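Undergrad: What follows is a single structure, and I will ask about it in a moment.
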């Protein structure tokens, strides 16, 4: 499809969505209004019942944890679909080494970008892990922290180049993170059933309010989401960046 055709389709889609978007904006409450009785109820009850200070985490990974599991499965399916489409578009067989698009040059990297990315990549990865682990205490969680970790992986690529990036971030590790994180979330629910409780029921000790391990099952499933999201972002970046690898000896530039 040509660039002009894509632009026309995008304009048509924007015009079709504009009335609905405008209606939603006009129906929004005035700035500063607080018509949220559900949020008030959660803030009143959840701290004592779940021993966590981040009520959004309590809702996502406990009170409506089954819905979050569905979102996790949707993410897994989306990543698998994207990987299948991208690999098929490159004409790859069963080999692990990606085919390279000869018409797409390797993007240049300036010394300033390389230095900055080498400095910020480890800090970004550590911060992402911090956001995942402190989901019960502060704003954030597995989804947000996993996205930050995925961004850190891109910084590693910008700072080190494709080949070094693949050595530090092998595809098998990303597969394990994505599948293992989703599996951990699902298996946590079966663990609750072994005790006679409902699926994904919070059956672990709640701990002390303000502790990093408070919330019972919440840290477990949240960590699974963090693993899955970071692996999912890494897999998507890997597939999009495969064509930027340096050509091997004797390979067409």
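Here the Cβ of each residue, glycine as well, is placed from N, Cα and C on the backbone.
According to TrEMBL, the record shows the following:
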- 1-23: signal peptide (SIGNAL)
- 73-91: transmembrane segment (TRANSMEM)
- 112-137: transmembrane segment (TRANSMEM)
- 115-233: domain 'Na+/H+ antiporter MnhB subunit-related protein' (DOMAIN)
- 143-162: transmembrane segment (TRANSMEM)
- 182-201: transmembrane segment (TRANSMEM)
- 221-241: transmembrane segment (TRANSMEM)
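Each of these features: where is it, how hidden is it, and who are its neighbours?
TA: Below 8 angstroms of C-beta separation, residues 65-66, 68-69, 72-73, 76, 217, 220-221, 223-225, 227-228 of the same chain, each at least six residues beyond the ends of the transmembrane segment (182-201), sit close to that stretch.
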Undergrad: Express the predicted model's confidence over the domain 'Na+/H+ antiporter MnhB subunit-related protein' (115-233) as a mean pLDDT, rounded to an integer.
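TA: That stretch averages a pLDDT of 90.
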